[in-house]
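*Asks:* Below is one structure. I have some questions about it.
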């Protein structure tokens, strides 16, 4: 066997030089409809030097796997001709050898598009090839993507269908550049997607070996990036074997592979030639890795000696079909003298020389090439040695060639008349046919819905492969058929190919600055993030409105619902204490109604209304502490605001009533506003605001902004309405503060201006502090309750001095003491009034006439002090000395 293989690849096994256009044809058979075929039957062109003449080079190094592919096309066409699919129509073929060279392939493409039945083999130039009749109607091939691209640009000029059986480059899916290109296999997009899927699920860090052309390089990069596959290194080998640096680059690649000791998985996206040389040298260096090999390389692996020493090889192969008839075809293969099949004759020649010694090998090949073998057996068929051919058959490619021939045949069946290639292309794109139990068709981008098989190259009973899974293109999943292959698939995923130990649950991978993009460190998940998987590179998401997670958590927790806090006990205690104070003040005032201190506080209704408002303010804080309900949510703010407003209004009325007696300007100013329209407008606005706050506000809501709890709280509704109520109360408080401040010089036992001023200052400070705080947070309501308590206690201060006098200084709570205070204040007040009267008299004397306004002001001033006396029950006219009364 080794001698036979040596004979197949020696330089003497070269094709004949091209003398005439017919010499370019490797195999041919006539028919009504001709199909072209492009196959790399020879590995390379013979000359490695720069060409000096525009002539087609000789080919060298006979390739058995590709030779078998040409036989697969011939067999498939014969199967169609022997069937009833194309009744009365015979398919013919012309197969060309591309020699793995673009120039030779272009020469074959030119012959395919040359004019039919033309003795000169010319390609006519036309602006419109709609009615042009070329030599062939369609082309099957080529194998290499680079060659298919070059050929497709020529065939696309006439929109001649080109169906490749092996070209998988994703670039060929571009229908703008390659409008007539189709393929009976899936594109690299799906193959690389399947590879990236397998690698990502296994968590491997990989190395990538590719060629420096379009084959898989760009698509693989896109898919690995999309699946977050970590690439430790990447090496690119020269695409063409004629490159003199290829051996050096292979050695450098293997050295890099050895240096990356922790990278145990290598993805190989190379051609058969590259894989054969790479693996052969890797076996010599005892490199043991996991090799993931693309579909182009799988047929080569079985031919590599001692390939099992290289480690595990996982191959992606084209999905296989029923090719049993082709096996029978090979077993009965023979050479007919009349056959126009140069590859078959070359195979027969090399088979005949397999027994020759090295010294006689050259002479044997020379004799065979002169046709002595054919003349010797011209009377009978020459049966070939075919016992080894099946081992070199790539079943997936054979099936792809069968599908290509079938697709063309079904498209021709739909036409069944004289047609042009572009008409065949239109039908071919939409053809659907059955092969076995499967239905096949072309996608819009030109690939067929075939898929891939994943095989593990391992020797079992003399065979070098075992199917592990099938890749489903549509659902992006691996389908495992039996338990044995499932175990193999599971064991494959257990292989370690990582730089670091995997991160535990509650951690994630974070990329570090290193020469490798895959280096990472394990970092603990921060608060409100979690990870329940090992070796993950991202945090898991959850609904942070309803759940939370601590630092380094492996799971998330549901937020607890809260509406009470231990601080509420303290606030309730302060509220109850305030209620007790109000009740105590009410009791004290009730028991001392007829004392001067109580009477000096104002009218009876005013006193009790103010105390009742304080009571409501303290009691209203309870609506903020209990569980939120619709009624409490809608009424609590309104209750507090109205209580404060009513309380401050009565205090303002009390202060303003006295102040008016001494200010004529204030009386004139208030006359402008003391009219029905302003009063009705203001009161109506207050009612509307309160109504909106009660009925238009949402009742109960949830505050989900806190990290670990959900606050069950009331929603305040319209901020504008709420602010309007607070603003109105603030305006009243400010007016009350001004009036109290202006009346601070009145008799102390009668006047409460100092304490009202103090209470209003506390009120302002508290609510001004509340504005920036009342925005957000768990303790927002706590702050509001504290502000309410502080401001309410501050206003209550106006009652504390009177209670102190009633309880502790009863000797000052007498009529005589109050009369004495009035008497001591009266000379000062009367003197001021007399001085004012004198000034008015002097002014009147110097003026031409008197002013009625000045006279009225003087009368008001005289009445002011009398009003003070009337407010006090103890102030009587008979108690005053006659001189002081007459002086006023």
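Placed from the backbone N, Cα and C atoms, the Cβ positions cover glycine too.
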*Asks:* Looking at 506-526, 527-547, 548-568, 569-589, which stretch does Swiss-Prot describe as transmembrane segment?
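*Replies:* That would be 569-589, the stretch labelled transmembrane segment in Swiss-Prot.
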*Asks:* Which one of these stretches, 444-464, 465-485, 780-800, shows up in Swiss-Prot as transmembrane segment?
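*Replies:* Matching range for transmembrane segment: 780-800.
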*Asks:* Suppose you had to name the range Swiss-Prot annotates as transmembrane segment; which of 411-431, 642-662, 810-830 would you pick?
*Replies:* 642-662
*Asks:* On the question of membrane sidedness, does Swiss-Prot assign residue 250 and residue 715 the same topological domain?
*Replies:* yes
*Asks:* Hey, which of 117, 251, 703 does Swiss-Prot call N-linked glycosylation site?
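*Replies:* Checked Swiss-Prot: the N-linked glycosylation site annotation sits on 251.
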*Asks:* Out of 322, 844, which one does Swiss-Prot list as N-linked glycosylation site?
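*Replies:* Cross-referencing 322, 844 with Swiss-Prot, N-linked glycosylation site lands on 322.
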*Asks:* Would you please say which range out of 677-697, 845-865, 866-886 has the annotation transmembrane segment in Swiss-Prot?
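*Replies:* Comparing 677-697, 845-865, 866-886 with Swiss-Prot, transmembrane segment matches 677-697.
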*Asks:* Round to the nearest Å and give the CA-to-CA distance linking residue 251 (N-linked glycosylation site) with residue 532 (N-linked glycosylation site).
*Replies:* 44
*Asks:* At the level of the C-alpha atoms, what whole-angstrom distance separates residue 532 (N-linked glycosylation site) and residue 322 (N-linked glycosylation site)?
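*Replies:* On Cα coordinates alone, these residues lie 46 Å apart.
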*Asks:* For a three-state summary based on DSSP, what are the helix, strand and coil counts in the topological domain 'Extracellular' (626-641)?
*Replies:* 12 helix, 0 strand, 4 coil
*Asks:* For residue 322 (N-linked glycosylation site), which residues of its chain lie six or more apart in sequence with Cβ-Cβ distance below 8 Å?
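*Replies:* Spatial neighbours, sequence-distant, of residue 322 (N-linked glycosylation site): 436.
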*Asks:* Going by DSSP, is residue 532 (N-linked glycosylation site) part of a helix, a strand, or coil?
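*Replies:* SS state of residue 532 (N-linked glycosylation site) = coil.
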